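Novice: Sharing a structure, written as structure tokens. Questions coming.
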């Protein structure tokens, strides 16, 4: 029986896949970021927020004793520099373990940053106000709820209104393996608001990245171990209905939408086994896919970036701004390219 289990795990994790390099010419690594850039969200002005330093069970981390950080980078600059944002307002920075992030811009143009946090490996959502002049974050509040478990990513729609993904059901590592082998599909998308909290979509192997279409009508959810993207229609009561599933054959992590084109960019893991069984001599590769015309009969999937791990390891996200792209990773570096 154990042979069957090994075969299943290898198939689910793309264990035998190697990646062919596809690298744009104008790319360079961002200096200051060494310990991951798991999620990236960019303001319409070109200021990008980067979540760094994620500690996640079973995944590599090069700075286990350092708290996580939120970095800011201005993509309008000729040579964009990065800075760590100061956090004020009585927030416990020592336990900061940031994962998925989402920007919300209020009617009065105030910018809020919502951050999935895992203090003591639990899941909370932290709400910060962004002070652009001071280039800092002011801590406002922590959102906790019994359904906000194993949260991976969020997308915010209004004040304290967001969708969140749950990426695994069990927290025990043995049961997690069991969950993956049996493909239990017990993970979900949750809607949270102060008035109502409910599960709005179910049946995912491991619901991961989530984002919204440019017209705010559709929600895109990455199912990492199923290697696909679910296109969901959003209803007035916040429920989601599945319209279609795009199969990609690679482990899809975070999603973003290019504001200029509406294309979806997906940060992907070509081979999950290399990520889980980290070997610096044979590191996990990176892959960024672009999905065009996702609502059409035949969406077009192309590779924007691919590397075998020699430059960038464990890509989790890619975000575009005016033909520039930031490519983030779970635990490694960050790449900036001009396409």
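Cβ coordinates come from backbone N, Cα and C, glycine included.
As listed in TrEMBL for this protein:
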type	residues	note
DISULFID	27-337	disulfide bond
BINDING	38, 39, 101, 152, 153, 208, 253, 254	Ca(2+) binding site
ACT_SITE	99	active site, proton acceptor
CARBOHYD	254	N-linked glycosylation site
CARBOHYD	308	N-linked glycosylation site
Novice: Looking only at Cβ atoms, how many others are within 10 Å of the one on residue 39 (Ca(2+) binding site)?
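Specialist: That number is 30.
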Novice: Out of 27, 101, 337, give me whichever of these recorded positions has the highest number of other Cβ atoms within 10 Å.
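Specialist: That would be 101, with the most Cβ atoms nearby.
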Novice: Can you give me the residues near the recorded Ca(2+) site, meaning same chain, not 38, 39, 101, 152, 153, 208, 253, 254 themselves, Cβ no more than 8 Å from the center of the site's Cβ atoms?
Specialist: 99, 100, 116, 209, 316, 317
Novice: If you measure residue 208 (Ca(2+) binding site) to residue 337 (disulfide bond) at Cα, how many Å is it?
Specialist: 25
Novice: In Å, rounded, how far does the Cα of residue 152 (Ca(2+) binding site) sit from the Cα of residue 99 (active site, proton acceptor)?
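Specialist: Approximately 6 Å lies between the Cα of residue 152 (Ca(2+) binding site) and that of residue 99 (active site, proton acceptor).
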Novice: Including all protein chains displayed, how many Cβ atoms other than that of residue 253 (Ca(2+) binding site) lie within 10 Å of its Cβ?
Specialist: 29
Novice: Just to verify: the residue among 152, 208, 254, 308 with the fewest other Cβ atoms within 10 Å, which of the recorded positions is it?
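Specialist: Taking 152, 208, 254, 308 as the recorded positions, the minimal 10 Å Cβ count falls on 308.
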Novice: If you measure from the Cα of residue 253 (Ca(2+) binding site), which of the recorded positions 27, 99, 308, 337 is the nearest?
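Specialist: Closest by Cα: 99.
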Novice: Any idea what the Cα distance is from residue 99 (active site, proton acceptor) over to residue 27 (disulfide bond), rounded to a whole Å?
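Specialist: Cα of residue 99 (active site, proton acceptor) to Cα of residue 27 (disulfide bond) measures 25 Å after rounding.
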Novice: Please give me the CB contact count at 10 A for residue 38 (Ca(2+) binding site), counting all chains in the structure.
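Specialist: The answer is 30 other Cβ atoms.
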Novice: So of all those recorded positions, 27, 308, 337, which one's Cα sits nearest to residue 101 (Ca(2+) binding site)?
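Specialist: Answer for the nearest of the recorded positions: 337.
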Novice: How big is the gap, in Å, between the Cα of residue 337 (disulfide bond) and that of residue 39 (Ca(2+) binding site), rounded to a whole number?
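Specialist: A Cα-Cα distance of 17 Å.
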Novice: Could you measure between residue 254 (Ca(2+) binding site) and residue 308 (N-linked glycosylation site) for me? Cα positions, answer in whole angstrom.
Specialist: 19
Novice: Taking Cα atoms as reference points, rank the recorded positions 27, 38, 39 by distance from residue 308 (N-linked glycosylation site) and give the first.
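Specialist: Checking each of 27, 38, 39 against residue 308 (N-linked glycosylation site), the shortest Cα distance is to 27.
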Novice: If I take the alpha carbons of residue 38 (Ca(2+) binding site) and residue 27 (disulfide bond), what is the distance between them in whole Å?
Specialist: 19
